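Listed in Swiss-Prot:
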type	residues	note
BINDING	G30, P31, N32, G33, S34, G35, K36, T37	ATP binding site
Amino acid sequence: MPLSRLIINDFRNIETCDIQLSTGFNFVIGPNGSGKTSVLEAIYLLGHGRSFKSSLTGRIIRNSCDELFIHGRFTTPEQFELPIGINKQRDGTTEVKIGGESGQKLAQLAKVLPLQLIHPEGFELVTDGPKFRRAFIDWGVFHVEPAFYEAWSRVKRLTKQRNALLKTAQSYRELSYWDLELANLAEKIDQWRVDYINHISEATQQICQAFLPEYDIKLSYYRGWERETPYAELLKRNFERDKQLGYTVGGPNKADLRIKVAGTPVEDVLSRGQLKLMVCALRLAQGQHLTEATGKQCIYLIDDFASELDSHRRQLLAQYLKQTKAQVFISSITAEQIADMHDEESKMFEIEHGKIAQG
């Protein structure tokens, strides 16, 4: 479901822009500091309700302005155009509109506009803590399992409530009622995650064979507690330890995706360029599975396309992106870096000092 139009007002250094988009490749070209990343960041904000660069709303609103607006129109599978929009104010107030209706939730926005981001800081997916890989898994499950969002939200609330009760409970009996619901939901979420990783593992390995043929890369899922123990049993068994620590040690909030080469974590084996291709393989596999499972297409946002990639690797990535037939937004410092990807169906936009013009 590609975006056909993008309107940005008072976001970063962009005062205003209104551009018609290609359903294929869209290139944003400009020198460092010109605002090219801000265009991708605005699209990300439209789909996630937050920036991938800053958690502080005040930093993404243009200087001297009180609020920002991002509007888009995307084409539905039935070929209707649906307007979506987000407004953020300096006090943190956020308003989301879908189809002209206010009061929509950010989760609904994410469901409408599935985005995949590949950017220079994206190595965190494979090099940093488990929370990044949990977010990766849960993005995928969220988009293919309708009941996931409500179940996961409930698990987080129950875990928070349990941690509070651990500080005052005198016996496990005081937690047992809540733990029954928590355990049932945790097992359900775990099974959804297992199924999801099973689905994307083969696609990830196939793409890795093209990107990194010299390595045999394996994915394995850790659910957050030992496989042979039911979660209800674990909660009861660990009550005294959890009470002493003041929080719940194991559970679905500790899940991880382990990515290894011959038993060694990939971050200890691959170069930075190879790690970027590994991240790209994971993102492409997610997008492929989303299309197979739901018929929806991801929108790919690739910031600083040439970063860490030589010409050969850029061509490999471009080839796979074209095969997806998805809408793609790519930022680059020069047009030469993406010259072999530009065709008659793509669009090129040049940006300088926050001013955007079609090239």
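Positions of Cβ are set from backbone N, Cα and C atoms, glycine also.
For K36 (ATP binding site), the same-chain residues 6+ apart in sequence whose C-beta sits under 8 angstroms from its C-beta are V28, I29, G30, S331, S332, I351. For T37 (ATP binding site), the number of other Cβ atoms no farther than 10 Å from its own Cβ, over all displayed protein chains, is 22.
Other than G30, P31, N32, G33, S34, G35, K36, T37, the residues of this chain whose Cβ falls within 8 Å of the Cβ centroid of the ATP site are, in sequence order, S38, S331, I333, I351, E352. Ranking the binding-site residues N32, S34 by how many other Cβ atoms lie within 10 angstroms of each Cβ puts N32 at the bottom. Of all the binding-site residues listed here (G30, P31, G35), the one with the fewest other CB atoms within 10 A of its own CB is P31.
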